[in-house]
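Taking it in order: structure first as structure tokens, then the write-up.
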Amino acid sequence: MTDKPRLTALRLHKALYPIWRNDPGWKGILTTVNNNTIGGMFIMGATGMFLVGGILAMLIRAQLASPNSAFMGPEVYNQIFTMHGTIMMFLFAIPFFEALTIILLPGMLGTRDLAFPRLGAFAFWCYMIGSTSMIVALLAGVAPDGGWFMYPPLSSSAYSPGINTDIWLLGISFIEISAISAAVEIVVSVLRYRAAGMSLDKLPIFAWYMLVVAVMILTAFPPMILGSLILELERAFDMPFFQAEHGGDSLLWQHLFWLFGHPEVYIIFLPAAGVVSMILPVMARTTLLGYGWVVTAAISLAVLSFGLWVHHMFTTGIPHMGLAFFSAVSTLVAVPTGVQIFAWIGTLWKGRPELHLPMLWILGFFVTFVMGGLTGVMVAMVPFDWQAHDTYFVVAHLHYVLIGGYVFPMIAGVYYWLPVLSGRKRFFRMGETAFWLVMVGFHGTFLLLHWAGLLGMRRRVDTIEAGSGWELINLLASISGFILAIGFALVVLDVAVNAVVAVRCRRNPWNAGTLEWATPIPGPAYNVASIPVISSRYPLYDNPDLPVQIARGEGFLGTPIRNRRETLAVSVSRAEPEFIAVFPHNSIIPFAMAVVTSIVFLAPVFKWWWLMFAAAAGVTVLALCWVWQGGSRQDEGLLDAGRGLSLPTHAEVPYPPGWWGTLFLLLANSVLFGSLLFGYAFLWTVAPNWPPPAILQPGFWGPVLAIGGGAFASGGIRLADRAIRNEGASWLGLLASLAGLAGLGAGAWTIFAGTTYNAHAYDATLWVIAGYVTFHAGLAGLMVLFLTARIQAGFISARRCGDARVVQLWIDYAVLVAGLGLGAAWLPGWLP
Amino acid sequence: MKDILRLSLPLSVWIAAFSGVYGLEGVVCSDRGAGAGLGLGQGRAVLVVAWVVAIAVQVGLIFGLRTPRFASAQPWVQRVSMILACVALVATVWSLLPVVTTSLCL
């Protein structure tokens, strides 16, 4: 263990900066993996999308301002309202909070970067390419036009020919890769990359919220990705998942969409609640009341939100008991929401609130969100929903919840963390004017639209009839809508001007207690000069000298002796130091990978299948290059981590960060597979024209190959892992595993041979199940070959066996889904 | 990681039970259910049994999380996991209550 003399803060900065900085010039933008740079670009991209979505909203209000308007025709109007919803939900709301999280989380957690910096860069580039493609489609007049939830049969090729719907299905699926990548990164970061001593009960409340939200993204998005892919398969290859005459059912889409769509509302609300829970105590000069209760409420809301999806389908003819289940959960979910609101009111009560601009926005949030919540309870009641469904009442309700419950707190957050983002504190005072314009404009627009809905005005109508009784309401709503737009434009202008030219400010101008205020502002590329040790939720209140101690390198890893990007990984629960995580350097691979991945998703829009397959091969090669760069060819043993502690690197622990990332990626993957099995069971139970004309007979060889293959694959990789840990020969285990995976694939292949992909929804579903199993067997086989190459190249040893554990996870998953999927496919044939 | 499991398990069991009972109701009310000879009386009995089992599992989790073997060593996690287990029990009772109060397959 070395005992180097401590550096001064400036010397430490000069030592760390060259290690962590971006590449110079334009190249630096494409190769950066730094959370501050990526988060900043992400925020600008999401804000740009907010402005585009806002302009579309103004076009909608212009169209509806007067009866029988000829401002635009129905074809254009359909594209405008579809893109407004799509942009605001997928291209603004989710990316914006992810961006804020990517910037703030390392500082809050007291670590140097998020767990997978290249994955963060990949997520950003996927988002930018995907959202740019959608905007290009809008400008070219081929934007999606089937509504933001794209219900079949309207979105089927029979009623929506052309590429508009394909752009939505494939574009949104591609952009959701970005969200899932960021979610994996956030989960692993919160669980493993924290200051020492930051146990679960001392996590900043925003980190708790983001942990919950990231897990929600991993479990809510896959059903919709599956729905999008099978709807695209139906459009491209006539596989009849949603065609009633061939055993499909359009209600399957609604289930898959709302399995995503309702949790999505909470995915958007909970980060905003996290922002409120961070800002409110600081503005009230106290600490958060009921921290444990707020965490409990966040977890409860997250899980309960998965039991709400059918409340968007109350008018589809589902039996009353089914409606009652979902109505009951819809009322229940108001309880944890209320717990949070009472905790915030209690916090204000026990503190001494100051009315700064962030606080003003939070008060606006309180009023608006509570009103939206109350109308939410109204539409949760089945009889009321039957009357209000698909009217402007619902449009008004969702805008109260989404703008009041998300946009207002996020604006509060931007103003509150402006010093962290820009190093400057607000100087120009347009913000207050903007706030009041937004408040007047918002309530003037959407309070009135509740009324229009109750008078029977249906959502998505492209014009209103003269004499309908809705004319005056819509005129006033449109005038208010333009006031709202001016207010939001002023907010963007105010933030931009203050971020660029306002006076620089001292560190921690709000006198907050959490760690993101312990770093210099704006945060340097390495975020914290050393990893602190903390003992409470508000470390800066306990120890006002902590920022100086961190800057002097008095925490862990305060002496950059190895000249590489390192941070500390801790145990999940108690945050005890466990290993040193070594981060990758700047790389062009995430950008290249995003470009090539975009081709995989966009080529099918034009039916360029050869290009899609070529791009998929390119993704495979880039992924192998990506993973190959990690790890080490020699054992380093225990290294000095500072403060008298020696730790191994991440390459020399049995469960490295990559294993954790894989675990959560497989969680998302398993939800997608579970949704596929749900779809199969749903069609079998509910869809018309079942049972199918012919049932697949399992035969002898298919099951034998699958069972034998599964045993060999799973046993073989364990044999190889044991051999690696005992420094023995692993080739026998690897070979057995490879043979087993080939057997699994062959077993699945018998399903392709026994069915016709477009004959019936049954056949189409079996093709997707068999394709899923074959893909995973093939992927796991590729990983075994890759592991073999890593062993040959010297990356694997008895101490460095993490790669083998990652491959084992994938193989076990492939075996599991093969057992469940093929079993479900063959079961009807086995039954008498 | 065990503490994360302690915090997430009860509500995860609730969502599994909730989805399961909803799916079971779909089977009972489907033509396939009727074709398999499942009458409304038997169907409701199956749903009630599933509801009671779900409640019993949640009660078991509450007791389990109090035992030294399964309780967290951290008092904060212990307390929050117990509250979440109670939330899951209330959710199970309330959200599936319609199996005894609402008409079936109407």
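Here the Cβ of each residue, glycine as well, is placed from N, Cα and C on the backbone.
According to TrEMBL, the domain 'Cytochrome oxidase subunit I profile' annotation covers A:20-535.
Annotated transmembrane segment per TrEMBL: A:37-60 (among others), in sequence order. Through the fold, the transmembrane segment (A:37-60) approaches residues 22, 28-29, 71-72, 77, 80-81, 83-84, 87-88, 91-92, 95-96, 98-104, 120-121, 124, 127-128, 131, 135, 421, 481-482, 485, 488-489, 492, 525 of its own chain, all at least 6 residues removed from its boundaries and within a Cβ separation under 8 Å.
The transmembrane segment annotation in TrEMBL covers A:119-143 (among others).
The transmembrane segment annotation in TrEMBL covers A:205-231 (among others). Here the transmembrane segment (A:205-231) has Cβ contacts under 8 Å with residues 94, 97, 101, 104-105, 108-109, 150, 152, 155-156, 169-170, 172-173, 176, 179-180, 182-184, 186-187, 190-191, 239, 241-242, 252-253, 256-257, 259-261, 263-264, 266-267, 270-271, 273-275, 277-278, 288, 291, 294-295, 298-299, 302, 305-306, 537, 664-665, 667-669, 671-672, 675-676, 679, 764, 768 of the same chain, all six or more residues outside its ends.
For A:265-284 (among others), the entry in TrEMBL reads transmembrane segment. Among residues of the same chain six or more beyond the transmembrane segment (A:265-284), those with a C-beta under 8 A of the stretch's C-beta atoms are 89, 93-94, 97, 100-101, 204-206, 208-210, 212-213, 216-217, 220, 294, 298, 301-302, 305, 340, 343-344, 347-348, 350-354, 356, 358-359, 362, 365, 401-402, 405-406, 408-410, 412-413, 416, 510-514.
What TrEMBL records for A:291-311 (among others) is transmembrane segment.
The transmembrane segment annotation in TrEMBL covers A:323-345 (among others). Long-range contacts of the transmembrane segment (A:323-345) within the same chain: residues 273, 276-277, 280, 288-290, 293-294, 296-298, 300-301, 304-305, 307-311, 314, 366, 370, 373, 376-377, 380-382, each at least 6 residues beyond the stretch ends and with a Cβ under 8 Å from a Cβ of the stretch.
Cβ atoms under 8 Å from those of the transmembrane segment (A:357-380) belong to residues 272, 276, 279-280, 283, 311, 327, 330-331, 334, 337, 341, 344, 388, 393-394, 396-401, 403-405, 408-409, 411-413, 415-416, 426, 431-432, 435, 438-439, 442-443, 450 of the same chain, restricted to positions at least 6 beyond its ends. The transmembrane segment annotation in TrEMBL covers A:357-380 (among others).
The transmembrane segment annotation in TrEMBL covers A:400-421 (among others). Long-range Cβ contacts of the transmembrane segment (A:400-421) within its own chain (Cβ-Cβ under 8 Å, at least 6 residues beyond either end) map to 40, 43, 88, 93, 96-97, 100, 103-104, 107, 265, 268-269, 271-273, 275-276, 278-279, 282, 357-362, 364-365, 367-369, 371-373, 375-376, 431, 442, 446, 491, 495, 498-499, 505, 509-510, 516-517, 521-523.
Taken from TrEMBL, the feature transmembrane segment covers A:579-602 (among others). Within its own chain, the transmembrane segment (A:579-602) is flanked in space by residues 22-23, 28, 30-33, 112-113, 115, 117-119, 121-122, 125-126, 128-130, 133, 170-171, 173-174, 177, 192-193, 557, 564-569, 611-612, 615-616, 618-619, 622-623, 625-626, 629-630, 639, 641, 647-653, 657, which lie at least six positions past its ends and keep a Cβ under 8 Å from the stretch.
Per TrEMBL, transmembrane segment is recorded for A:663-687 (among others).
Residues or ranges marked as transmembrane segment in TrEMBL: A:699-719 (among others).
Sequence-remote contacts of a segment are chain residues at least 6 beyond its ends whose Cβ falls under 8 Å from one of its Cβ atoms, and for the transmembrane segment (A:810-831) they are 662, 666, 669-670, 673, 676-677, 680, 691, 695-698, 702-703, 706, 709-710, 713-714, 717, 737, 741, 744, 747-748, 751, 766, 769-770, 772-773, 776-777, 779-780, 783-784. Under the heading transmembrane segment, TrEMBL lists A:810-831 (among others).
Outside the transmembrane segment (A:699-719) by six or more residues, the chain places 730, 732-748, 750-751, 754, 777, 780, 784, 804, 807-808, 811-812, 814-815, 818-819, 822, 826 with a CB less than 8 A from a CB of the stretch. Packing against the transmembrane segment (A:119-143) from elsewhere in the chain are residues 32-33, 35, 38, 41-42, 45, 49, 52, 76, 79, 82-83, 86-87, 91, 95, 98, 102, 162-164, 167, 171-172, 174-175, 177-179, 181-182, 184-185, 587, 590-591, 593-595, 597-598, 601-602, 661: each is 6 or more residues past its ends and has a CB under 8 Å from a CB in it.
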